[in-house]
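A short worksheet on the structure shown next.
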Amino acid sequence: MPEGNGTVALAFSGGLDTTVCVSLLKEEYGYDEVIGVTVDVGQPDYEFEEAEETAEALGVEQHVVDATEEFADLCMEAVKANADYQGYPLGTALARPVIAKAILSVAEDEGCSAVAHGCTGKGNDQLRFESVWRDSDLDVIAPVRELGLTREWENEYAAEKGLPVEGGDGGRYSIDTNLWSRSIEGSELEDPSTIPADDIYKWTDNPSDKDAELVEVEFEDGVPVAVDGEELGGVELIEQLNKQAGAHGIGRTDMMEDRMLGLKVRENYEHPAATVLLTAHEALEGLVLTQEERQFKAQVDQEWSQKAYQGLVDAPLTGALEAFIDDTNERVTGTVTVKLEGGHCRPVSRESDYAVYSESAASFNEEDVSGGITQQDATGVAKYHGFQSRLANKILDDAKKGAAVTDGSGDHAASEDTEE
């Protein structure tokens, strides 16, 4: 452990974990001053109010950093990569490196000797924060992990010290909210057999009798730039689609998530805008990319998603993957209309000047295909298609028949026929 006698910048939410960390960083680690850093990546206003009230009650200097634009930019990179992990669009994972960088910047500006977080030793966030911080010369402190703290111990400690812990973590669930997603975990949801109550959802209404709605999303170079003809910045565009699609109950995920440390956890997510944008983007790619590009890009997208899940968005491999993603997305320019209905989002129309599509070639009402190719020219292809499989199956059948003769089963059958 460091000797202290300096200043430490703490990732500060005002919840139980970080409130307890403020006290422990002074008592157990010997730091003279703790600076609380709260980073805005699209959380609701009440979270900032609670963090401010808690910081004031603790006598902690608080810094609030607006990183919504940076986070929205990273979300757009995720759209270009069709990014998801086991069916969830990486909202929490994408936010952590953005938050970590903002905290590190404040720590360096304020002359801190260390940075700290309140993550447990069981989750992913400790790794995502520290992958950014350990690239600096500052000490990294993780009190909850290093001291083996439990929620029960933290509550008892907070009561003993008279720490203000009414806000933040006071509810039944652990909730994390940003522009791209809202996650809900803990309490009875830790039992995979428990059916979640409807009241855990805040962004998405129950998909019921609401009339279907068509939404048009316009892309330039793979990045969504307008909704229903209205040009919007990244933050505003995501916020609008969260409301618009959330009203139709779109973007709910209930999953068993495999964390980086090997633990399985039950997670519930809400991500209306992410669902719409990823669906629309993939539909447009299907129109403008060749078959080979789509097949290979699916592998690249999956690898990018893995690096993003790990919080390694600045890794050299991630940059190399993005070079391919950016190159293919230069043609992902056009408009996709999606239908929002009953909790589902599906593309119903797509247009682009870069469409790798010929209506006349694909039409059942036209004789010729294109470039002098006719339907009859497919006969040779049809004869060869599956030839290797047919040949392999024939050789296998012949080998089985030969084996039957060798082991005597074939001769026995023949003698029986003769006797009859």
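Each Cβ is built from the backbone N, Cα and C atoms, and glycine gets one as well.
These features come from Swiss-Prot:
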type	residues	note
BINDING	Ala11, Phe12, Ser13, Gly14, Gly15, Leu16, Asp17, Thr18, Thr19, Gly118	ATP binding site
BINDING	Tyr88, Asn124, Arg128, Ser174, Ser183, Glu257, Tyr269	L-citrulline binding site
BINDING	Thr120, Asn124, Asp125	L-aspartate binding site
COMPBIAS	409-420	compositional bias 'Basic and acidic residues'
REGION	401-420	region 'Disordered'
Legend entry - Among Ala11, Thr19, Asp125, which are recorded as binding-site residues, the nearest neighbour of Tyr88 (L-citrulline binding site) by Cα: Asp125
Inset, instruction - Across all the protein chains here, work out how many other Cβ atoms are within 10 Å of the Cβ of Arg128 (L-citrulline binding site). - result: 27
Inset, instruction - For Ser183 (L-citrulline binding site), just give me the three-state DSSP call. - result: strand
Inset, instruction - Please name the residue among the binding-site residues Ser13, Thr19, Thr120, Asn124, Ser174 whose C-beta has the most neighbouring C-beta atoms within 10 angstroms. - result: Thr19
Legend entry - Which listed residue (Asp17, Asp125, Glu257) has most other Cβ within 10 Å, given these are binding-site residues: Asp17
Legend entry - Recorded ATP binding residues, Ala11, Phe12, Ser13, Gly14, Gly15, Leu16, Asp17, Thr18, Thr19, Gly118 - maximal Cα separation rounded to whole Å: 13
Inset, instruction - Determine, to the nearest whole angstrom, how far the Cα atom of Ser174 (L-citrulline binding site) is from the Cα atom of Gly15 (ATP binding site). - result: 10
